[in-house]
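Notes follow the structure.
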Amino acid sequence: MEGGNSPSLQLQQLPLATAAVSVQPHTDSFSYKENLIGALLAIFGHLVSSIALNLQKYSHIRLAGSKDPRAYFRTKTWWSGLLLLVLGELGVFSSYAFAPLSLIVPLSAVSVVASAIIGIIFIKEKWKPKEFLRRYVLSFVGCGLAVVGTYLLVTFGPNSHEKMTAENITRHLVSWPFLLYTLVEIIVFCLLLYFYKERNANYIVIILLLVALLGSMTVVTVKAVAGMMLVSIQGSLQLDSPIFYIMLVCMIATAIYQATFLAQASQLYDSAQISSIGYILSTTAAISAGATFYLDFMGEDVLHICMFALGCLIAFLGVFLITRNRKKPVPFEPYISMDAMPGMQNMHDKGIAVQPDLKASFSYGALENNDSMPEIYTPATLPIVQEQHGPKGASAPPYRVLEHSKKE
C-alpha cells in the first residue's frame, strides 16, 4: 500500500517543486523591472526639474532686460516652469516607491548634466569651433563620465525590495544598526552646528555636511511615505498608521532645515562649488542611511557592490568636472583700492612727508583718471606744500592750500 502510493506522491510533489523553483526567477525579473521603473522615473523627474528651473531663470532674465512692468509670476513662462517643476518633483518622489534608496539618490547627477547641456545650447556668446571645444572640453568630459556612472548605477544597483508596510518600517526604525547610525549622526550634527554657529566656522564643507546629514534623513522618510502610499493604492491601507504621519512630519521638517542651510551656503559660496561638493556629500550620506535603514545591500555579491561604488565615483568625477568649468562671478569694485591711489607708495618712506602725486588728478569714487575730460568736469586738485619747520616753539601749519584758478 505504501509502495503504491509513493509514485503518486512523487508525481504530486513534482509540480510543486517546479513551481517553487520558478518563483525565484520571476521575483528577480519583477524586481529588476521595478528598479528600471524607478530609475526611469528619477531620470525623467530630474530632467524635467532642470528644464523647469532654467525656464524660470529665463523668465527672470527676460523681464530684467526689458521694459515690461509685469511681475515674474504674471508671465506664462514662469508658470510653465513651475508646473514642470512640480511634475519633475512628483516623478522623483514616485521613484522612491519602486527602486531602492541607494539607487535613486545618485541619479540626481542627471540634473547637473541637463543644466550643463542647456547652458551650452542657450549660451549667447559666439565662439569659433576650436575655442568652443577648448572652453567646454571639461563639460563634455564631465557629461560623458556622468552618463557612464549613471549606466553603472542602474545596471549594478542594489536589488532589495520590500513592501513598505507600517510593520516593516517600524521594525527598521527600532533596529539597533539604525539606532546606532542615528546616534552617531546626531552627535556629528551637533558638533558641526556648534562650530558653525558658535565658532563662526563658515566653511563650505561644514555647511554642506549639515545639509547632507539632514538630507539623509529626508530621503529615508521620503521612501517610507512614498512606499506606504503605493501599498495603500495597491489595496492594503497604510495611511491610518501613526508611523506614516511621523515619517511625513520628519520629511517636511528636515526638508525645510535643509533648504535653510542651502540658502545660507549660497550666500557665501559659488553655486558651482555647492553643486559638486553638495552632490558628493549628500549622495554618500544618503547611501549610508539607505544601507543602514532599508538594508539595500543585504545579499548582494561583492562584484555588484564594487561596480556600484565605481559608478558612484565616476558620477562624482563627472559632476566635479562639469561644475569646475563654470565661470566664477567677478565682484564689482566701485571704488579704487588704497594701494592703487597715486602717491600712496610714498606713505611709509623714511624722512619724507606724505605727498600725493600731482601729475594725475583723482576724484573719490572714480574708476580711472579724468585727465581727458573737459576742464569744467575736471575735479579740483589741492596742491600740498611740504611742512616748513620754523624756530623752536613756533608751530607751522603742516600744509597750506593754494587758491585754485582756471589757469592752474
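Even glycines carry a Cβ here, placed using N, Cα and C.
Because the structure is a prediction, the values reported are computed rather than measured.
According to TrEMBL:
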REGION    387-408  region 'Disordered'
TRANSMEM  36-56  transmembrane segment
TRANSMEM  77-97  transmembrane segment
TRANSMEM  103-123  transmembrane segment
TRANSMEM  135-154  transmembrane segment
TRANSMEM  174-196  transmembrane segment
TRANSMEM  203-231  transmembrane segment
TRANSMEM  243-265  transmembrane segment
TRANSMEM  277-296  transmembrane segment
TRANSMEM  302-322  transmembrane segment
### Message
Please identify the stretch among 36-56, 103-123, 135-154, 243-265, 277-296 with the greatest number of Cβ pairs below 8 Å relative to the transmembrane segment (174-196).
### Response
277-296
### Query
Any chance the transmembrane segment (203-231) and the transmembrane segment (277-296) are in contact, meaning at least three CB pairs closer than 8 A with a sequence separation of 6+?
yes
### Message
Should anything in the same chain at least six residues away from the transmembrane segment (277-296) have a Cβ under 8 Å from its Cβ atoms, list it; otherwise answer none.
### Response
100-103, 105-106, 108-109, 112, 158, 160, 162, 172-173, 177-178, 181, 204-205, 208-209, 211-213, 215-217, 219-220, 223, 262, 265, 312, 315-316, 319-320
### Query
Between 36-56, 77-97, 103-123, 243-265, 302-322, who has the most Cβ pairs under 8 Å to the transmembrane segment (135-154)?
302-322
### Task
Can you tell me which of 36-56, 77-97, 243-265, 302-322 gets the most C-beta pairs within less than 8 Å of the transmembrane segment (103-123)?
36-56
#### Entry: Intrachain residues whose Cβ lies under 8 Å of the transmembrane segment (243-265), provided they are six or more past its termini
166, 169-170, 173, 204, 207-208, 210-211, 214-215, 217-218, 221-222, 224-225, 228, 274, 278
